[in-house]
Structures are given as C-alpha cells and as structure tokens.
Amino acid sequence: MARAAVLCGLGTYLPSRAVGNDDLARELDTSDEWIRSRTGIGQRYLAAPGQATSDLAVEAGERALKSAASGTGPDGADAVVLATTTPDHSCPATAPVVASRLGLGTVPAFDVAAVCTGFLYGLAAGAGLIASGTADSVLVVGAETYSGILDPADRSTRAIFGDGAGAVVLRAGAPDEPGALGPLVLGSDGTGNELIQVPSGGSRRPFHAGQAHSEPADPYFRMAGRQVFRNAVERMSDATTEAAARAGRRPEELDVLVAHQANLRILHAVADRLRLPRERFPVHLDRVGNTSAASIPLALADAVTAGVLRPGHSTALTAFGGGLTWGATTLTWPAVVPV
Ligand code: UT7
C-alpha cells in the first residue's frame, strides 16, 4: 500500500501584541465599522520589534512536535518545510535555522513560497517527502511577519494582515487512517502575478545602489483587493470540489471546510458557491486577521479548541494567494490535541 502522510500534531503561536481596529483608526483613515463590515476582522496580532519569522516558527514548531509526541506521532521530525512570504532573509532559506533551533540536527529543511497558499504547498511537499521515502515524518510550518512588509500608510493591507505561526507534524501511515491527507489539488496562474506583489527587492527591481529603474523602489506588499477577491472565491470553491471528488467525496458530505482566512465575505461567497451552510466554515479571522501561510493551521487549532472540528469529521482545507496560487485537500480529522 502507498505511504500516506498522516497529520498527527498541531501547534500554534501568536505574538502578544493585539492591535484592534480602533487602534488602526487612530493612525489611518479607516474605522472599525469599515473593517468589520468589509472583512469581518476585529483585531490582529503583530510581532514585537526584533521578532522575526523564524522566532514565531520555532514556537509553533515546538508546540506541534509536543502535540505529536503526546499522541500517535514521532518524537521529532526527519524534515522541516517552512511556508512563508516573509523569510528572515531573502537568502538563505529560514527553515534550516528553524530546524536547528528545534534541535532537529541536520535534517533537510527548505522554504516554500506560495504566499497565502503556502501551507497547502508545504503539505504537498511534506507528503511528497514521505511518499518517496525521503522522510518518515515532516514538520510543516506556516509562519509570517507581514507587519514588516506592509506600507504604514496603506489602509487596505494594514486592516487585513496579521502575524502568526502554525505547524503540523506529518508521519508516514496508511491512506485509510484518520489524519491521512487525501489527494492534493494545487494550481497557479502567473498571469495574475502583479495582483499580489512586493514590487522591489527581487531581481526584477533590485535595491542595488545606482541601479537604474524608471520607477521608484517600492519595498512594500501590494494587493489589488477586488480582483483578488473574485479569483479567491472561484479558485477555492473549484479546488475544494476537485479535491473532494478525487478523494471520492461530494462537497455536501464535508462536515467542516477550513478555508484560508482572508475575508469573511470570501468565506461566505465560497460557501454559497458550493451550496453549503456557512456554519461549516470555521471563522478565525475576526481575532487574528489574514495571517497568510499561517492561517490554515491557526484556524484548525481554533476550530478544534472551540469544538467545531472534531475527530471523525470529513474535512477539507483550501487556500488562495499570490502567484496566483491555490490548493485544496481533504482528510478525516484525527484525534489530535493542539498545543
Ligand atoms: O490572502 C490572500 C488573498 N487575499 C485576499 O483574498 C483578499 C481579497 N480582497 C479583499 O479582501 C477585499 O478586496 C479588501 C478587504 C482588500 C478590500 O475590500 P473591497 O470591498 O474590495 O474594497 P476596495 O478595494 O474595492 O475599495 C473600496 C473603497 C476604496 O475607496 P474608493 O476608491 O472607493 O474611494 C478604498 O480606498 O474602500 C477604501 N478602503 C478603505 N476604507 C476604509 C480600502 N481599505 C479601507 C480601509 N478603511 N481599511
């Protein structure tokens, strides 16, 4: 039988500084009413000065390893995959420093850059390492410090994004076990590359002193919100339907759909498009905002803690983000206690 990747540990970490909508409204031309009604977000957490993505990733990773060890999981992990849009440095990857700080030694460790879909791409990478026999267990982390790449003057992004980290442990197992990941549906559309982008600092528009460029450097994260919104609804709905079909399930048989927490209106539109009750979509963004690659593990842990997601539930995960990228998968929720 094929080696499946089985989710067996879940850990999360949020920085301590909560920033409410009214706090933002003191600095920017916005209001609690606008942010709540247009996005469903009430507050977000921001990293402390000097707190980097790896610091958040290590906290969440340690907790996921603890969660796995207290259940059916391994003691440690054979590989680390870190999904992030906000690495500590543009070179090298952040995953190796996370692996060594977690005491995992010289295991393979690499970053995955798929913006808000990063966690699903990370799960695919982890499942692939297990299927190929490269690893028997993989720590998959989504960690972000968007606060470091947002334009302080951009109300549309600052209202939405927050910092945080979430992680799962995957172990080799059987495809029919609770926690075994179903087929992963992934996609990308590079024609929408400019809809979500940090324009400067990469090879297209480097920061080098003396580098001639017709436009001034823009080091900040930019998003064309309205176009992204439309794409997000279509791609997440379609990817969920396809992932369910490949796993032999119909969308209406899904008990819980944990969708990337970008905007409450997006979650409702996906539910409506799939003709599913909105109650099946756990909501976490009201308290943490959009945490990009960290949003799915953070929402999973919150749903388990709230009793909304329980062992045996037929579950789908789906996300959409910059690239453009999207993805979905299914699993029967296992008896995992988040830490
Ligand atoms: O996570 C990965 C993928 N990301 C997403 O899925 C995000 C998708 N997009 C969205 O969630 C929404 O498009 C936003 C929340 C970003 C924006 O909401 P919207 O309803 O699409 O608004 P909009 O961008 O079309 O802007 C409408 C108006 C604009 O003013 P004008 O040009 O009509 O005068 C904006 O300047 O709302 C204004 N606006 C704000 N006003 C008060 C934008 N942000 C704010 C704000 N406070 N924070």
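Cβ coordinates come from backbone N, Cα and C, glycine included.
Those TrEMBL annotations? Automatic predictions, nothing curated.
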Range annotated as region 'ACP-binding' in TrEMBL, from 141-145, 231-235, 261-265, 271-275: 261-265
For the domain 'Beta-ketoacyl-[acyl-carrier-protein] synthase III N-terminal' (110-190), mean pLDDT (0 to 100): 98
Of C116, H260, N290 (the active-site residues), the residue whose Cβ has the fewest other Cβ atoms within 10 Å: N290
